[in-house]
Amino acid sequence: MSSVLKAYERFTLTQELQDQSEEGTIPPTTLKPVIRVFILTSNNPELRSRLLLFCLRIVLSNGARDSHRFGALLTMFSLPSATMLNHVKLADQSPEADIERVEIDGFEEGSFRLIPNARSGMSRGEINAYAALAEDLPDTLNHATPFVDSEVEGTAWDEIETFLDMCYSVLMQAWIVTCKCMTAPDQPAASIEKRLQKYRQQGRINPRYLLQPEARRIIQNVIRKGMVVRHFLTFELQLARAQSLVSNRYYAMVGDVGKYIENCGMGGFFLTLKYALGTRWPTLALAAFSGELTKLKSLMALYQTLGEQARYLALLESPHLMDFAAANYPLLYSYAMGIGYVLDVNMRNYAFSRSYMNKTYFQLGMETARKQQGAVDMRMAEDLGLTQAERTEMANTLAKLTTANRGADTRGGVNPFSSVTGTTQVPAAATGDTLESYMAADRLRQRYADAGTHDDEMPPLEEEEEDDTSAGPRTGPTLEQVALDIQNAAVGAPIHTDDLNAALGDLDI
């Protein structure tokens, strides 16, 4: 029997890896569009600024084809490079399109008519067509300009610093909308605004060069549709990761925003590793977890085998992303979410409810977390030289704090900023500490939260923890009032979905 079990473990470990092709294998050739990328051999800031504005207008143009938009975006992302011709070669690595480079010498005075290099081979008709596309902006853009400030395009770009300021500001906004272009393209505007505010505070985005929301939405859709563009951006992210601490400003910004893109769509996998395996609590010894533990072991091996590009499976539209779905290990996932719900306040922004969520193991995770919060890691205690009395004192102190504050916070944590004036705290034991009550609260948060609540999305970083709401006035009951009503209604009776919907009926969201 033991030989069969060992064979099963080996089979599970190799099953994830057997479909992997050899490194560098070229996929079968398919029909590919020709994408025209414009190249400047001059570092003149006036020419580069004009080309950036021209390409931005092509991306937003009503009449532009997808190949026009993809080429314009690739040109924009290559403009910070001192040698555009070499930098565009990154796009040649994509099997999705053929890249045609067109060298240009400038623009006709007062227009967007290209002056192509003699070697480019562009006809007069093509030049006129591109100029017409640049002028054909959507009616949804105010003042017929992509920028919030209608006077930006009339600026004199006579210094390289001025050009770089605009270029970095525009490209950073394109990177920001790339973050969730595959996993949550309909993310609320507030989520984007938070990141914009962060980079504005850091001085990486000049407020004068802010794009209109409609312009950012169109750019996001183009990036979502263009695999060749996403391939190019992935190569840029890898370049940014390879930089030393002393890097240029652009790749420092790309590396920073890349942290939002890495492992997108794999939140369930990494949270399961963090809370189910990282805690190393005795509950993992349950026989029901054995098969799924082997599955997680094989997935960790697969992730390492995929190499650097494993971080960007969603951006690359890789089928391997499905292997990491939490539906492949539902019991461990349910158990981990129960632990995370108790331990981590950030989990309030993570929509973990799934059709395969197991109620029993979710409750098991919550109970395990509450009982084990005072447990001591023996190896760490030995490294610190703690005596048995000190270990016991630590465990007892945490147990007292947890018990005393159970009514103040549903996860057993302490909220030092909560106001208790005029508010009666209902003990957790009296509220029916059931999965239904937690799920009801989770569904309520999913409706109410404005960002970071999409499927398979990692909990937001520290700067995005606030649950911002729309600026308009609210007439209905607040979230706290509804939550308190639900909590009070739970005394003596479990919460049902119909009751929750009735409670939410007047909530102004």
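Including glycine, each Cβ sits where the backbone N, Cα and C put it.
Site annotation (Swiss-Prot, ligand RNA) includes LYS180, ARG195, TYR350, ARG354; from TYR250, TYR251, TYR260, the additional listed residue is TYR260. TYR260 (RNA binding site) falls within a helix when secondary structure is assigned with DSSP. Of the binding-site residues TYR260, TYR350, TYR350 has the largest number of other Cβ atoms within 10 Å of its own Cβ. When Cβ neighbours within 10 Å are tallied across all protein chains shown, the highest count among the binding-site residues LYS180, ARG354 belongs to LYS180.
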